[in-house]
Every structure is written in structure tokens, then in C-alpha cells.
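Let me begin by presenting the structure, written as C-alpha cells, before commenting on it.
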Amino acid sequence: MKKLLGIPALITIAAASTLTSCTSADDTSEISAPETTQEQADEPTIYRQYVALGDSYAAMGSRDAQVTGPAECFRSGDNYPAVLAGDDRIKEFVDATCASAVTHDITSVRTGDEGFISAQVDSLTEDTDLVTISIGGNDIGFPDIARCFQEATAAGTESDCASKFPDSTELFGPTPEMLDHTYSSIRNKAPGADVFVTGYLPLITENGDCPDAGFISDEDREWAVSLTNELNELISKIASELHFTFVLPEEAAEHTVCAEPSQRWTDLSGVETGAYPMHPTALGQEAMAQAISEAISAKL
């Protein structure tokens with residue numbers, strides 16, 4: 001039975017004007033679930049507290065969405081955690097996601113631009129019974145790879161990024177161990193919680209027409225898809241070992257930058273979708289929230 005509500009009404013203002021100072025005292029965003037109708041009130045609340053952890057793929061939605069928390073975290077009001085929090089089975093919502101996070105930032109204090117950001121797992125309490133996490137992309141160098149694609153596009157020359165990076169074994173390095181440590185820390189802090197671990201929505205397809213990514217070479221397209229798939233497989237494997245649920249929306253490959261702008265779940269520049277470059281669109285965040293909601297229903 002579908003439980004996910006629509007995206008809550010958002011106050012549309014420029015992100016830069018709403019970013020708050022980065023201090024350890026204000027590095028999570030706690031929001032009560034929206035008021036419910038009488039019909040919704042008749043449905044039982046399943047989760048007392050939902051805590052969202054992760055990097056920019058969890059934190060960042062539309063560029064013009066209201067943001068909360070530390071300035072560098074870019075916690076958008078239409079990211080998938082905020083959309084999922086509209087599910088009437090969730091009572092309380094805490095958003096601890098933060099752009100640029102790596103696995104270390106989930107379990108340890110992070111030194112921010114304007115202060116310290118608490119370890120994300122410190123947001124977990126004895127009441128936490130639902131957790132989502134998106135992490136691992138920054139550990140293997142996604143930002144550097146994205147920058148390479150952006151530079152080629154800006155220069156109007158065909159990309160040659162795959163040759164500039166080491167093979168996946170070196171790129172991944174200690175990531176498997178770091179993911180295992182991160183997930184184990186979540187289990188230790190919230191032993192009774194249902195934990196849903198997301199994969200990364202693909203940015204591009206391996207082949208086929210892709211006008212808005214015309215300067216990304218065929219070799220780099222294959223490489224980017226292979227790298228994303230390998231990371232998602234690793235995340236799924238380690239998550240399953242701890243009995244966490246892996247989530248990735250079906251048909252994600254049909255909603256990359258190669259799709260029509262109105263159908264994109266990720267985007268290269270974000271110009272036509274209002275998304276941050278190389279990140280999920282608002283539609284992609286909604287698709288992820290819907291997939292998690294369906295996974296919750298399947299688990300209950």
C-alpha cells in the first residue's frame with residue numbers, strides 16, 4: 001500500500017541567502033512530520049524517529065529550494081529524506097546529511113569551513129528506528145571525476161577522463177572497509193532501527209544518443225557507468241551483510257542526463273532541471289524517496 005505523500009510546499013528562495021552558519025550546535029535539522037488528516041491519523045505511526053545520513057546525493061535537491069543546517073551541507077527542503085519524511089508512518093525527522101561527506105564524516109567530527117560538524121551518527125538516539133544513508137561516492141573520487149567531465153564540456157573538447165585516473169582497485173582503496181565500519185557504527189548506535197542504504201543514481205548511459213553530454217567520450221561513458229555499477233554492487237553487498245536494505249529506483253538508467261530534461265533523475269549541468277551540477281534532480285530525489293517508501297512497505 002502506497003504511503004508516501006507528495007513533496008511538501010516549499011518556500012522558494014535563493015539558496016545562498018538561507019544558508020546558516022556552520023557550528024556544531026546547529027548541524028542537524030530536526031523537523032516534525034507534517035500535520036495529518038483524520039484519514040491519515042487513523043493509520044498507525046510505525047517509526048518514532050527517522051534520521052537521514054549521507055553525502056550530497058542525499059542532501060542536495062533543487063538549487064532554489066530552502067536549505068537548513070550548516071552552510072556547506074546544502075540540505076535542501078526537497079531532498080529525498082525530506083520527501084520521505086512526508087510519509088504518514090514517520091513521526092519525527094532529523095536530517096544530518098551533508099554535501100561532500102565521506103565515510104569518515106559519518107562516524108567522526110568533521111572540520112567545516114566555519115566550525116565543526118558533529119559525526120552524523122551522533123544524531124542517532126534510543127528513539128531512532130528508521131535510518132537512511134547514502135555514502136561512498138566521495139570516498140572513490142566522484143568529485144574529481146565530475147570536475148574532469150565539466151572541464152571538458154566547458155572547453156568544448158572530447159573528454160579523456162578514464163586515462164587520468166587509476167583503475168577501480170586503486171580508486172576504491174579502503175572504501176570497502178570504511179563502508180563496513182560506517183554501517184557497523186550505525187547498527188551499534190541504533191540496534192533496533194530499520195536501515196535503508198541507497199545506491200547512486202547513474203549520471204549517464206553507456207551508449208545511445210546523449211546530446212547534453214556530447215563532449216563526454218564513449219570510453220568515458222562506459223567507464224563512468226562501470227564505476228557507478230561497481231560502487232553500487234559494493235554498497236549492496238556490504239549492506240546486506242549487516243541485514244540492511246539496499247535501495248535503488250528501478251529504471252534509473254532511463255532517467256540520466258541522456259533523457260529529456262523533464263524525465264531526468266540526474267543532470268550534468270542542472271541548467272534545464274534546476275538541479276545542482278552532476279547531482280540528482282528534484283524528480284530524482286522524489287524517485288529515491290518513493291523507492292525507499294516501497295521498500296519500507298515490503299519490509300513491514
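Please read every residue number as a count from 1 along the shown chain.
Keep in mind that glycine also has a Cβ here, set from the backbone N, Cα and C atoms.
Where the annotation comes from TrEMBL, it is an automatic prediction and has not been curated.
Residues annotated as active site, nucleophile in TrEMBL: S56. For S56 (active site, nucleophile), the same-chain residues lying six or more positions away in sequence with a CB closer than 8 A to its CB are F74, T97, C98, A99, S100, A101, N138, Y276, H279. The secondary structure of S56 (active site, nucleophile), as reduced to three states from DSSP, is helical.
Positions annotated as active site by TrEMBL: H279. For H279 (active site), the Cβ neighbour count at a 10 Å cut-off comes to 25, with all displayed protein chains included.
Per TrEMBL, disulfide bond is recorded for C73-C98 (among others).
For C148-C161 (among others), the entry in TrEMBL reads disulfide bond. Take the CB of C161 (disulfide bond) and look out to 10 A: across all protein chains shown you find 20 other CB atoms.
Spatially close to C258 (disulfide bond) yet at least six residues away along the chain are I204, T205, G208, D209, C210, D212, A213, judged by Cβ distances under 8 angstroms. Among the features that TrEMBL reports, disulfide bond is placed at C210-C258 (among others).
The domain 'SGNH hydrolase-type esterase' annotation in TrEMBL covers 52-287.
The feature signal peptide is assigned by TrEMBL to 1-25.
The 10 Å shell around the Cβ of C210 (disulfide bond) contains 18 further Cβ atoms across the protein chains shown. Under the three-state DSSP scheme, C73 (disulfide bond) falls in the helix class. Along the domain 'SGNH hydrolase-type esterase' (52-287), the predicted structure has mean pLDDT 97. The most densely surrounded of the disulfide-bonded residues C98, C148 is C98 (count of other Cβ atoms within 10 A of its Cβ).
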